[in-house]
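**Q** Dropping the structure in here first, questions after.
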């Protein structure tokens with residue numbers, strides 16, 4: 001009987017196994033064609049996936065598709081990483097068919113539409129990041145079905161509606177980041193009963209209601225950020241029970257009342273309460289919060305004195321108390337805060353003197369005491385704060401003189417002593433603070449002459465000495481202020497004539513000299529200040545005629561009022577005669593002008609004739625008595641040309657051949673006899689050292705050849721002017737294309753990356769392969785020229801000193817451009833190869849953002865650092881990059897590289913060889929020797945939870961090559977302000 005049943009049992013087993021195999025093959029159990037079809041459904045929702053997901057072609061092996069990670073046994077899709085691919089369209093409901101999905105990262109795209117309800121069908125999901133898109137609508141309640149979910153990141157979208165209270169039903173949720181959306185309503189109280197929640201980010205929404213006492217129920221919550229909402233009420237008295245908090249930010253809401261005393265029981269590293277309506281005094285107990293690194297109570301309505309016990313906060317680096325109604329004196333005990341780098345007490349009602357104890361703060365970077373009622377002198381030992389970068393005491397009642405020791409503050413870039421009662425002479429030592437970009441001494445009682453040494457501040461952007469009692473002339477040395485944009489010395493007693501050297505200020509926007517005693521004529525050279533938009537010379541004793549240059553016609557009559565001997569030419573009816581200026585010229589005067597012009601023309605023609613006559617050499621000298629300059633030829637394409645040929649081909653350097661201006665030169669285009677075009681650079685100033693030494697340097701530079709360097713073809717040095725002959729670049733400079741007024745050519749991502757690679761390779765050659773090695777010293781976007789194929793060529797390295805083959809490669813020759821200069825230069829006054837690396841990092845930021853290095857008061861590097869601190873760097877990407885880049889992960893890596901290049905300490909920066917190699921690794925696979933691959937299984941395995949990410953930004957570097965990966969590991973993650 002048993003033997004008879006055996007065949008039937010065998011057939012039953014075969015049928016069961018067959019059905020199971022069939023189900024597995026159809027996708028019912030995990031992988032297979034079912035999930036492949038689901039992925040194709042997901043792709044169909046994306047509007048522009050053709051390029052980014054080119055391998056998503058419906059083929060059999062969906063596990064090999066870009067961004068897809070599968071289980072090795074069942075082939076079920078476990079992870080989907082399509083971040084930073086510039087994807088548009090919507091998230092398809094088909095994603096809900098991927099039942100085994102554990103990891104979804106779609107951040108940094110341009111996805112629109114609503115989050116599909118079907119996302120709740122991905123029941124195995126542990127990590128969901130949809131941040132940095134354009135998603136709108138409500139947060140779907142179906143997300144609460146994801147019982148395995150640990151991290152939910154939806155920040156930086158356009159989501160609306162309330163926060164679903166059902167999110168509290170996700171038992172394993174550790175990270176909830178909904179920042180920078182448009183969410184409304186109260187914060188659900190049930191959220192605070194999730195026992196495992198560690199990170200709650202709700203900043204930048206429109207949430208209302210109050211702070212719930214239940215917020216302290218979360219024993220594991222370390223990050224609580226509700227900054228920038230519409231919360232009201234008071235800070236809960238139970239706030240002291242939030243003992244797990246490390247970051248507490250409730251700033252920029254409408255919180256009122258007093259700061260609870262038991263807030264001192266917190267052990268937070270950051271306590272940020274600014275921008276609310278808090279009243280009362282600062283609790284003394286805050287001075288016991290030893291873990292504080294940042295204390296921000298600014299922009300409230302706090303009263304009373306600053307507690308002296310705050311001096312016990314020995315680990316606090318930032319103390320912001322500005323914008324309150326604080327009274328009393330500045331506690332001397334603040335000098336004990338040895339780690340303090342930012343101290344802002346401005347806009348209060350403080351009295352007394354500036355305590356000398358502040359001079360002990362060796363790490364102090366910014367000191368702002370403006371708009372108080374402080375009296376007395378500036379303590380001399382403030383000059384001991386050698387790291388000080390900004391010092392502002394505007395709007396007090398300080399007196400005395402400027403301490404001579406200020407010259408020790410080599411890092412100082414901003415000095416504002418305006419609207420006080422300072423007296424005496426302006427010390428000439430201020431000219432030694434070589435990194436100053438703003439000097440404001442206005443509205444004081446300074447007297448005596450203006451120090452000529454101020455002309456040494458070559459990085460100065462704004463100079464304001466108005467409303468004092470200064471006398472003497474305007475120093476001719478001001479012509480050296482090549483970066484200056486504003487000069488205001490109005491309402492003084494200045495005398496003498498205007499120096500013609502002011503005409504060298506190519507960046508000057510405003511020149512304000514009204515209400516002085518200036519005499520003489522307005523120098524015609526001022527017409528060379530092509531950036532000048534605001535000119536006021538009224539109420540002086542100027543004479544002669546206003547220059548008739550085109551750019552002077554834009555200035556109104558009011559610019560020249562109160563100069564009885566000054567003739568102003570009216571060019572339209574708008575100037576009128578109502579102001580009493582002389583506008584009529586007699587016939588006799590006209591005849592004299594014409595006669596004088598004829599005589600001048602004759603003298604000029606005679607001088608030209610004599611100049612062109614050959615002159616004998618002076619015995620024993622290599623210089624002719626007079627005659628045309630010699631042309632030194634360094635490349636064969638100029639071998640048949642003479643100096644006279646160049647002058648003839650450019651019509652004596654006629655304006656119509658000008659193709660650009662610089663701070664120290666004008667550039668002309670010249671077409672040689674062969675038809676080849678070259679660029680002729682005419683230097684404004686003569687070489688100050690041995691002419692033969694300069695020739696030797698130029699001959700050395702002319703011998704350097706590299707595909708990414710602009711070649712020097714020849715030069716001509718003489719009292720007539722120094723001319724340098726370079727390659728002509730059809731597409732001008734990178735600065736012109738990024739920031740110029742026309743911007744005719746849009747630079748896509750691939751072009752920008754190739755430009756960065758080319759410039760890096762050129763600079764790497766100068767640093768490492770050139771003999772002698774050369775430090776450029778002025779790397780900037782205007783010194784990166786582009787040929788007809790947009791290949792980058794580094795120019796102006798000829799002005800650098802050659803580095804000898806010794807162990808030290810530093811030099812003391814001062815060069816650089818504001819915005820690009822290494823901060824370390826402020827401390828040491830020395831530049832080296834790593835200074836060039838810093839400048840290149842700024843150029844790379846320009847390429848990525850399309851923004852200028854310095855624009856008015858905005859500093860690109862500081863902007864990116866602040867965004868790095870908020871983990872919003874990708875918001876700064878230029879729109880043309882976003883549109884044309886198919887893998888935004890490459891852009892993030894480029895940002896990382898730029899921030900590595902601009903680290904504060906030179907030893908932490910890479911070399912240019914390393915920079916060039918990493919940039920090469922970012923080029924498209926077709927340009928690489930080996931194709932790039934991305935190991936997403938490694939990413940999935942190493943996904944870091946929020947609890948492990950404190951203070952760090954998790955970014956997948958990819959697996960470009962082992963050496964590149966080691967390089968990134970060597971220098972570490974950089975999207976953290978503490979590592980800059």
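Positions of Cβ are set from backbone N, Cα and C atoms, glycine also.
These numbers come from a predicted model, not from an experiment.
For reference, Swiss-Prot lists these features for the protein:
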ACT_SITE  778  active site, proton acceptor
CARBOHYD  72  N-linked glycosylation site
CARBOHYD  81  N-linked glycosylation site
CARBOHYD  230  N-linked glycosylation site
CARBOHYD  241  N-linked glycosylation site
CARBOHYD  312  N-linked glycosylation site
CARBOHYD  336  N-linked glycosylation site
CARBOHYD  381  N-linked glycosylation site
CARBOHYD  399  N-linked glycosylation site
CARBOHYD  464  N-linked glycosylation site
CARBOHYD  493  N-linked glycosylation site
CARBOHYD  541  N-linked glycosylation site
CARBOHYD  551  N-linked glycosylation site
REPEAT    75-98  repeat 'LRR 1'
REPEAT    99-122  repeat 'LRR 2'
REPEAT    147-170  repeat 'LRR 4'
REPEAT    171-194  repeat 'LRR 5'
REPEAT    243-265  repeat 'LRR 8'
REPEAT    266-289  repeat 'LRR 9'
REPEAT    290-312  repeat 'LRR 10'
REPEAT    314-337  repeat 'LRR 11'
REPEAT    338-361  repeat 'LRR 12'
REPEAT    362-385  repeat 'LRR 13'
REPEAT    387-408  repeat 'LRR 14'
REPEAT    458-480  repeat 'LRR 17'
SIGNAL    1-24  signal peptide
TOPO_DOM  25-588  topological domain 'Extracellular'
TRANSMEM  589-609  transmembrane segment
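Looking at the shown structure, what environment does each listed feature sit in?
**A** Under DSSP, residue 778 (active site, proton acceptor) is assigned to coil, being neither helix nor strand in the three-state scheme.
Within 10 Å of the C-beta of residue 72 (N-linked glycosylation site) we count 9 further C-beta atoms, all protein chains included. Under DSSP, residue 72 (N-linked glycosylation site) is assigned to coil, being neither helix nor strand in the three-state scheme.
Of all Cβ atoms in the protein chains displayed, 24 besides its own lie within 10 Å of the Cβ of residue 81 (N-linked glycosylation site).
Summarising the environment of residue 230 (N-linked glycosylation site), the number of other Cβ atoms within 10 Å of its Cβ, over all protein chains shown, is 13.
Listed in sequence order, the residues of the same chain lying 6 or more apart from residue 241 (N-linked glycosylation site) and placing their CB within less than 8 Å of its CB are 216, 265.
For residue 312 (N-linked glycosylation site), other Cβ atoms within 10 Å of its Cβ number 16. The DSSP secondary structure for residue 312 (N-linked glycosylation site) is helix.
According to its DSSP assignment, residue 336 (N-linked glycosylation site) is helical.
In the three-state DSSP reading, residue 381 (N-linked glycosylation site) counts as helix.
Reduced to three states, the DSSP call for residue 399 (N-linked glycosylation site) is coil.
Under DSSP, residue 464 (N-linked glycosylation site) is assigned to a strand (E or B) in the three-state scheme.
Contacts of residue 493 (N-linked glycosylation site) defined by a Cβ separation under 8 A and a same-chain sequence distance of 6+ are given as 469, 470, 471, 516, 517, in order along the sequence.
In the three-state DSSP assignment, the secondary structure recorded for residue 541 (N-linked glycosylation site) is strand. Spatially close to residue 541 (N-linked glycosylation site) yet at least six residues away along the chain are 517, 518, 519, 563, 564, 565, judged by Cβ distances under 8 angstroms.
Counting only same-chain residues six or more apart in sequence, the Cβ atoms lying under 8 angstroms from the Cβ of residue 551 (N-linked glycosylation site) belong to 527, 529, 530, 532.
If you take every residue in the repeat 'LRR 1' (75-98) and average the pLDDT, you get 92.
If one looks beyond the repeat 'LRR 2' (99-122) by at least 6 residues along the same chain, the residues whose Cβ comes under 8 Å of a Cβ in the stretch are 30, 46, 69, 71, 74, 76-93, 128-146, 148, 153-154, 159, 874, 882, 888-889, 892, 940, 943.
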**Q** Taking the recorded positions one at a time (336, 399, 464, 778), which has its Cβ surrounded by the most other Cβ atoms within 10 Å?
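**A** Compared across 336, 399, 464, 778, the most Cβ atoms within 10 Å surround 778.
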**Q** Of the residues in the repeat 'LRR 17' (458-480), how many are helix, strand and coil by DSSP?
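**A** Secondary-structure breakdown of the repeat 'LRR 17' (458-480): 5 helix, 7 strand, 11 coil.
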**Q** What's the number of neighbouring CB atoms sitting within 10 A of the CB on residue 381 (N-linked glycosylation site)?
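**A** Cβ-Cβ neighbours of residue 381 (N-linked glycosylation site) within 10 Å number 15.
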**Q** With DSSP, how much of the repeat 'LRR 8' (243-265) is helix, how much strand and how much coil, in residues?
**A** 5 helix, 6 strand, 12 coil
**Q** Closest to residue 81 (N-linked glycosylation site): which of the glycosylation sites 72, 336, 464, going by Cα position?
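**A** Nearest by Cα distance to residue 81 (N-linked glycosylation site): 72.
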**Q** Restricting to the same chain and to residues at least six past its boundaries, which positions have a Cβ under 8 Å from a Cβ of the repeat 'LRR 1' (75-98)?
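**A** Result: 30-32, 34-35, 37-49, 52-53, 62-63, 66-69, 104-122, 129-130, 135, 874, 882-883, 885-889, 891-892, 936-937, 939-940, 956.
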**Q** Express the distance between the Cα positions of residue 464 (N-linked glycosylation site) and residue 336 (N-linked glycosylation site) as a whole number of Å.
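**A** Cα to Cα, residue 464 (N-linked glycosylation site) and residue 336 (N-linked glycosylation site) are separated by 34 Å.
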**Q** Return the member of 72, 230, 336 nearest to residue 381 (N-linked glycosylation site) in space, with distance defined Cα to Cα and candidates limited to these glycosylation sites.
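**A** So, of the listed glycosylation sites, the one sitting closest to residue 381 (N-linked glycosylation site) is 336.
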